[in-house]
Amino acid sequence: MNPFSFVLLLLISTFFSISLSTTTFTFINKCHFTVWPAILPNAGHPPLSSAGFELPTAASRSLQSPPSWSGRLWARTGCVFHNSSNGSCATGETPPATLAEFSLAGGERNNIDFYDVSLVDGFNLAMVVEGGKGRCAATGCVVDLNQRCPAELRIGEGETAACRSACEAFRRPEYCCSGEFASPAACKPTAYSEVFKAACPKSYSYAFDYSTSTFTCADAGEFTVTFCPEGTPRYLK
């Protein structure tokens, strides 16, 4: 092979390694009970190698995502599975659930990852997202919001406790940012969303709460998602 061909091949190889780079998601469970992470790609994006799995206390597991992947992940609690497709969970099977949302970079010319932790669908577990080996800002909710949840939003107790959003609890457009309230100008924080925001200031508390809740990082390459980052139930701040 002549020198020119070798250099060209090296450049092509480097280009594709950058353009087709993957992102590693590492899940860590610091809760004092087993959780079952769930992963849902957004429309038009492929599923990861697992849509959900069991994660015992103090365990971790990593998965790879393709370039430009977009989706959400969360933890379920109190699950009983009879087989891989037949089972139920006390929390996280439906809202309320604490969500981590990602829209990953598409390659060399689109190298910005977007991520957030959302309480728009309610709260079931504390969660922290960290990226890029500490290069990217951490976000999430480290407070046990179940302990601060208004009585009218609270469901379950103990390890199966969760806190509904006002939208899910009352189905009113001013809480759901729907109908005549479907714009940032019309949909404002409510007394309920402010409880969430006061406890977890970096997390989405209602649909248009993006100014302090959406985070970006250039080519993070990896994200760590920690459930109950300071342990439960002893992590109140």
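Note: Cβ is positioned from N, Cα and C throughout, glycine not excepted.
Checking the candidates Cys176, Cys177 against TrEMBL, the cysteine paired with Cys167 through a disulfide bond is Cys176. Annotation for Cys176 (disulfide bond): same-chain Cβ neighbours under 8 Å, separated by at least 6 residues, are Cys167, Ala207. Ranked by CA distance from Cys149 (disulfide bond), the disulfide-bonded residues Cys31, Cys89, Cys136, Cys187, Cys200 have Cys200 at the top as the closest. Cys228 (disulfide bond) sits 9 Å from Cys141 (disulfide bond), counting Cα to Cα. A gap of 23 Å separates the Cα atoms of Cys187 (disulfide bond) and Cys141 (disulfide bond).
Long-range C-beta contacts of Cys177 (disulfide bond), restricted to its own chain and to partners at least six residues apart, with a cutoff below 8 Å, comprise Cys167, Ser183, Ala186, Cys187, Tyr206, Ala207, Phe208. Rounded to a whole value, the Cα-Cα separation of Cys141 (disulfide bond) and Cys163 (disulfide bond) is 13 Å.
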